[in-house]
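Novice: Take a look at what TrEMBL says about it:
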| type | residues | note |
| --- | --- | --- |
| DOMAIN | 272-365 | domain 'Transglutaminase-like' |
| ACT_SITE | Cys280 | active site |
| ACT_SITE | His339 | active site |
| ACT_SITE | Asp362 | active site |
Amino acid sequence: SPPPVAALELSSADLQSPRNNKEHHTQEMGLKRLIVRRGQVFTIILNFSRSFQPRTDSLTFVAETGPEPTDILGTRATFLLTQAQHGNVWSASDFTIHLNSLQVSVFTPANAVIGPYTLKIQVSRSQGPSMTYLVGTFILLFNPWNAEDDVYLPSEVLLREYLLMDYGFVYKGHERFVTAWPWNYGQFEDDIIDICFEILNKSLYFLENPSKDYSQRNDVVYVCRVMSAMINSNDDSGVLQGNWGEDYSKGVSPLDWNGSVAILRQWSAQGGQPVQYGQCWVFAAVMCTVMRCLGVPTRVISNFRSAHNMDGNLTVDTYYDRSAEMLPTQRRDKIWNFHVWNECWMIRKDLPPGHNGWQVLDPTPQQTSSGLFCCGPASVKAVKEGEVHLPYDTSFVYAEVNADEVIWLLGDGQTQEILAHNISSIGKEISTKMIGSDQRQNITSSYKYPEGAWGPRDSGGHFLCAASQRDGSQVKTTTQSPPVLTVNPQVTSLSMAVDMAGCGKVDIQGRKEPLGLWTPKPICQLCTRAVTSGQSVQESQWPLLLPYHNYRNRLTDEKLLRVSGIAEVEETGRSMLVVKDISLEPPHLSIEVSERAEVGKALRVHISLTNNQMEPLSNCTMVLEGSGLIDGQISKSLGTLVAGRTLEIQLDLYPIKAGPRQLQVLISSNEVK
């Protein structure tokens, strides 16, 4: 009889990470460990103690993820070695034998749970006892290159921008002065992928039921929704703590961040303690990093004059008194000068047809959804069509871009008059970074029809409108053509052009105040009286000079001033309001780099900062960041820069990775950032 064949033992395994990672578009995350995308094969080599004999040796593969993996929850897959792959199921096939080595193609289904996996094999021979060996570990991500995956995006150009690009711009300011704030997403930095799954494992859903949470991580809608709750810390050990109060002494000002990597690493190093502090653009930029890292095409969206409508009546009320001062209100409705959220690309199998594509996710904690501070995914198409009943939080997003603004005149504690009812002042200049360019793209038409065009506002189909809330006092309204009140920001004056049909004396109250995201604070006031006569149009001007020392300590982070004026026409008793927001120009900062940049070779960087202010900039500091250019950050103290002077800085960087890279330079002082 033939001698017995020795048992088949696994001596080593080669996961071929460099080759597989390149084929799965994950090589930027490194080549030392296996990171693959679902719905796509990867090849491994198993080295045995002898040659594999397919007729008598049996190999069973076991892939597991999560704390208590089971087949029924989809967190454990058991599959035999076969000659050919069949269908959208876990499989090991297309094997080739070379001496004692076995090359195998492993296929993961396009709806598999994402996350870190262990891969084992069970080896047996002719119904004999089996031995189990650990082959290795790998990370499985969403796959927008695969037509069967719910995040499928059939465009290399779009994938290069919305998944592979590790830098970009966030747009801030106000609708007439949009500023680009560069951001280092850094989704491919060494430990970011691990931190992403750390975040999921700190969520309330995981803590409540770990096995169930893991089993739902095959669903991009679920993962996005959990992440939008976890980027803020309102309910959980989320990544960032919000702060809109201007006192950042216990942490870092939101304006001092110019990238996500430092925030995510700090959160992880602190064992999941929220990082202080964030505001909307920081929340959204970190969310973009995390979702791109997990394989979901994502972009950052800025909405200028963004409504926060709490009661669902599609109306935001603001109040002014007769001295043109904007008054605080007990109601939580407000209008942000800008608000930033995310869009993630996905198929929505949970919605009627026609709602695939971009979905709004908003990680800024504005209000709860299903008991947690999260928002979305809400289909952008549903927002445009006014289908506010569709999940998730579509009515809230619809109000952010479509609410009416009603401005009331308040006197003696009562609302006396509607100064303005603006149906088109909310949801302006909705912006994102242009594909393949550093320019800004206006995507307002994705969210709403042009004002005056037919759309859901006119259809009467899908949304409810309620009247503006006020007390029971009488409110004066009229259709008579009003005088015109304007502000000219060049000379910072109130200008009144009065149509003399039925108008006589006009009282003007004006004030100028720094504008933040909440109620402005007054810093100066003027009162004047104008008497006009005759039938022609007349214009009166009252220049308002505002020295820097009047407001230097009152400016909010966004460096905006608001001029407001109220005029009353005595003959009719009617009042009118004018409001103008003015952006203050920051010091001039320029960056120049040498023409050729090579990995590992010195790249000369020239930075110049000109103080165009009337006063010195004290305690200046510089922080440089840029994935692929710098490992982490470079910080440097610059001292004081006197008025009118220019500071020149030269330094050499040694790039780490090839490809397009962005260098961010953030210069902060006690006065400006």
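Cβ atoms here come from the backbone N, Cα and C positions, even for glycine.
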Novice: According to DSSP, how is the domain 'Transglutaminase-like' (272-365) divided among helix, strand and coil residues?
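Specialist: Taking each residue of the domain 'Transglutaminase-like' (272-365) in turn, the totals are 15 helix, 41 strand, 38 coil.
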Novice: If I restrict to non-local contacts, at least six residues apart, and a C-beta distance under 8 angstroms, what lies near Cys280 (active site) in its own chain?
Specialist: Trp336, Phe338, His339, Val340, Trp341, Thr364
Novice: What same-chain residues, at least 6 away in sequence, bring their CB to under 8 Å of the CB of Asp362 (active site)?
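Specialist: Sequence-distant Cβ neighbours: Ser228, Ala284, Trp341, Asn342, Cys374, Cys375, Gly376, Asp393, Val397.
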Novice: When you measure from the Cβ of His339 (active site), how many other Cβ atoms are you left with inside 10 Å?
Specialist: 24
